[in-house]
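Database features (TrEMBL):
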- S189: active site (ACT_SITE)
- D343: active site (ACT_SITE)
- H373: active site (ACT_SITE)
- 107-265: domain 'Alpha/beta hydrolase fold-3' (DOMAIN)
- 316-375: domain 'Alpha/beta hydrolase fold-3' (DOMAIN)
Amino acid sequence: MGKKSFGFLILGVLLASYIYEPLPDNVEEPWKIMLLNTFLKTSSYLALFAEILGLNHFMKSMTLFSSIQGFPPTSDENIIVRDTTFNDIPVRIYVPQQKTKSLRRGLFYIHGGGWCFGSNDYYTYDLLSRWTADRLDAVVISTNYRLAPNYHFPVQFEDVYTALKWFLDPQILESYGVDPGRIGISGDSAGGNLAAAVAQQLLEDPDVKIKLKVQSLIYPALQNFDFDLPSYQENAYYPVLSKSLMVRFWSEYFTTDSSLKKAMLSNQHIPLESSHLFKFVNWSSLLPEKFKKGHIYKTPTHGSSELAKKYPGILDVKASPLLADDSKLRGLPLTYVITCQYDVLRDDGLMYVTRLRNSGVRVIHNHIEGAFHGTLSFLFTKVGYRAANQYINWLHENL
């Protein structure tokens, strides 16, 4: 074997070892997940390297890398697509081309991205919104919001709430031909967090007369109190969303101060005086038995009061919808929750399902075995395509 051939062989082995990721046996099309994770891993390494060199903030670099997914508003024979603003908040609107004499359903969608990156113009969000608008004959509003690290909580929440309230104005609904009795809200990951939070806030807003018919929460992030849930322990190093990355998303949501991230990683960021709130996120009483097996609940170690004083958002129900008491949950609409087996956020969704049901809210829970966080964005995979169809079918039947 020549030196050149030997060199290519070594390069191939190194490349294969970089791409290869040991995955559980029940994961479909593992090679697609490995290739996706290679892109995410490479982007993350480059962003971290740029941050270490002082060239750019980690999240700003990730935003730059992910922006290649951007897709301009492009209408087709079925759907009219255009970008506009709702009270200065950028939104993308999808309206079916076909004329109708009846009012249409309306869906307000919030993208994910850890409150730090993401956009309604990403190809996968654009495609999902098109499918939804076409199959439901619905008007879909896909909103943007300002992102960390330039903006911190509660800006993201306020942007989404502002856009949603604008949409729910009776005159706006009439202008888009939307039935005020058939409006839903949906979001994935951080967008699921924002969807849950604004749905709760609507119940307390006397200015909003129109009620949501459904909420659909796709692998939502719902609490920042406990990063030692079974799902965080089991899936800490799996592809797409590791524990360390999710903790960083949460800390960046509130501040660029790294001391909060360090406290969150050690699960010592909630002060003693707020310990009564742990009952709302106590997985030992809220998770189904199958998800508790092999795990022992540990009483939380309390952190400094100073962090909570500096960053009160970590204790705010608008940031952690699981902190809402039962009386606040009772008025919520019919709810659809998607969770994935290999996702650090799995137990957030599972606990919310339990709490909603205990409060008398009708909940449909779709737990996807063999799936990772972000599945509905992986429409090129069989499991992602199936999950997207299940989500749209549920909306078709219930909205």
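Just so you know, glycine gets a Cβ as well, placed from its N, Cα and C.
Note that TrEMBL annotation is computational and uncurated.
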Which number gives the other C-beta atoms within 10 angstroms of the C-beta of S189 (active site), all protein chains shown included? 28
Tell me, roughly as an integer, the mean pLDDT over the domain 'Alpha/beta hydrolase fold-3' (107-265). 97
Pop the Cα-Cα gap between D343 (active site) and H373 (active site) into the table, whole Å please. 5
Counting across all protein chains present, how many other Cβ atoms fall within 10 Å of the Cβ of H373 (active site)? 27
Spatial neighbours, same chain, of D343 (active site) - Cβ under 8 Å, 6+ residues apart: Y219, S231, N235, Y238, L241, A371, F372, H373
